[in-house]
Amino acid sequence: MKFLPISLLILALATATSFAYDPSPLQDFCVAINDPKVFVNGKFCKDPKQVTADDFLFKGFRYPGNTVNPLGSKVTPAFVDQLPGLNTLGISMARIDFAPGGLNPPHTHPRGSEILVVAEGTLLVGFVTFNQLNNTFFTKVLYKGDVFVFPIGLIHFQLNIGKTPALAFAALSSQNPGVITIANSVFGSKPPISADVLTKAFQVDKKVVDYLQAQFWYDNN
């Protein structure tokens, strides 16, 4: 049996590390602070001597989100902006509340995969693969205690198909996974995308595009 040279193995490990989406921490923690005068890829670190336990605490999951809105859902994120202690740790969470029939609409997280657990209710979930896999649609009905994974960057959604409110919690593989809601981005961009582009892309009449662009696209995050 032939073995790869040690130099190639080291190169492979270094390459894999360099492709990580969130950098590995170089100290025990790096509590985020905001500096409006400087923009960096991530957050500046708070002086460790000034860090307290509150920097690692988020209380936003204690109460249900307000689902009285056009989508019937509310996402409460615990990303680095809400929980500074997450900075450089490469993880985050979100609470998702659903009214009966509530929808967390098709969206993507460009910088993180998502693993979702249903705490209450029944959800129809799904994601669509990239063009290279013929936009294959994977979908399941989830019940209390079920767990489902949404790979990084893929369009996905959750719909409450039960007659009672539903609750789910999501963990994501980035301190700032980002959210791109498809309908909001395509039809609610500012300034608007040219109708010539959208009519050809969606193969619909301009009146349809005008109608969609005139709607108020609610953001449940």
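Glycine too: its Cβ is placed from the backbone N, Cα and C atoms.
What TrEMBL says about a protein is an automatic prediction, not a curated fact.
Feature list (source: TrEMBL):
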- 1-20: signal peptide (SIGNAL)
- C30-C45: disulfide bond (DISULFID)
- 59-210: domain 'Cupin type-1' (DOMAIN)
- H107, H109, E114, H156: Mn(2+) binding site (BINDING)
Here the Cα-Cα span from H109 (Mn(2+) binding site) to C30 (disulfide bond), rounded to a whole number of angstrom, reaches 23
Expressed in Å to no decimal places, the gap between the Cα atoms of C30 (disulfide bond) and H156 (Mn(2+) binding site) is 31
Those same-chain residues, other than H107, H109, E114, H156, found with Cβ within 8 Å of the centroid of the Mn(2+)-site Cβ atoms are T108, F127, F150, L154, I155, P177, V179
By the 10 Å Cβ-neighbour count, the most surrounded of the disulfide-bonded residues C30, C45 is C30
Counting every protein chain shown, other Cβ atoms within 10 Å of the Cβ of H107 (Mn(2+) binding site) number 21
On the domain 'Cupin type-1' (59-210), the mean of the pLDDT values is 96
